[in-house]
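Residues or ranges marked as transmembrane segment by TrEMBL: A:31-51, A:93-115, A:122-142, A:148-168, A:180-201, A:221-245, A:266-299, A:337-357.
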């Protein structure tokens, strides 16, 4: 036992030294991050609920929230506040949070099983695959069987696209950047062509719906959609968190993970289903919103490191905050217009992806 | 060095491995016994890594069997295998910038939820000290040199604390001292009862540190036995196509293989 303190000191000293260099301990960094995200989340909800054609001051947002929950019977200060907030803004905010969390977690899981930080549902074509499924359901009239058919078609096509990317882009248990990006180009090209064809043969109503799916928007999000999305995000998100430790081991490559007792095939299948559920439910309700799954996990990883359990939680929060503010911008940037949110995330995400690509290339000394 | 949990033999009988219809191993009989270091040598493409992968349970046999502790590896679950054997592959890439200590800690994953998990911290520290990476604990992998990465990977394998160690070219990226350190470590583990199989290119390292040597060529075993019996000048020249002289070390008597230049 005499040796134990020496070992402990040995293990602590180097980490102390490097913490002194960085100024804060990893634990402090992660506490600061989560506190910052929580503040941004609450602030974002209040600002977003208050902004719009009918401006509502923060305390009125709060009162309306309490009234809706049956916790207050204070009268409305402005007429129509409650109906504007509870029928339109609150469900839209809830949807933005859920979809942001879903996309960011999907990106995190995808990057883990591809063992590549550039994997993202939009980039590799899962989102456009899902959009294609939704568009096919609309144009081919399958929606006659019920509204949920669109979502199911989006899910099936998105799952198919995920499988294709996974099978096509891996070699020796890893995914090279070039292969991944090229596979994404191929799938996006195919889905783009098929969407164009559906747009061409569809009637005016279908065309508008397809355009909505391609550009992405939270316009029209209501409570019933939230009620479908919420359980999906909870179930898939919990599954992702339970896989967290195992996902860490995938960083060693599939062979390395297997040597440590991971049932690689099983984890892979579960992960792909988790990604498909998260992305496809998001696409089914809001269309293609690309790059959230790329930007958010990457930024979070820079702050709290790559361990997947905390990373998934931080990404879910970060994705929710990002989409909340992106949707606020989409609603308010241009007066009297609702910009497509997918357009906004792509305008920001495209250059970000480019920067990441350059960085990855520089680090690995090539396109490996 | 505390004794390994259970002494465990690793054997292959009539083993053949095929990839895409190409036979990489054919009729290989192999046996590694506890408390010994068994070196696999042979020219490039002889099938050393393939044999190691088959022994690890990574590659299915086209025919023949691999037994670990008396049970076919093909019939053991990944988790059971992970508690019996640890594998150092030639690739030491880590996809995300994990700190070194977290990577070594991954070696403890097979023991999660078992009584052995209690010793996680001690095993991790010991493995890092043994491979001389303790001072790198908070560094991330991309900032390490090739040799440092190799030692971190080895530390992870050591931390797994299994009765069988399979090491594929553990000395490849290392400097002189660390090469000797790694093989001394392999010897220590064997002395504590572990079964160690190690792929080596350097015949002199194999001669100096292995109890047994198996020489492979074209996927077949050319010779197996004690270093002095396997490493004869005629055989090495025939297998490698390079004339050599084999002389006993003046002090230790271990065979020294010297290329004729």
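Residue 1 is the first one shown; counting continues down the chain.
In case you wondered, yes, glycine gets a Cβ from its N, Cα and C as well.
No contact links the transmembrane segment (A:221-245) to the transmembrane segment (A:337-357), because fewer than 3 Cβ pairs that are 6 or more residues apart lie under 8 A. Outside the transmembrane segment (A:148-168), and at least 6 residues removed from its termini, the chain residues within Cβ reach (under 8 Å) are 113-114, 121, 124-134, 136-138, 142, 179-180, 183-184, 186-187, 191, 228, 268, 272-273, 275-277, 279-281, 283-285. Here the transmembrane segment (A:337-357) has Cβ contacts under 8 Å with residues 117-118, 120, 122-123, 177, 181, 212, 214-219, 286-292, 294-295, 298, 323, 326-327, 329-331 of the same chain, all six or more residues outside its ends.
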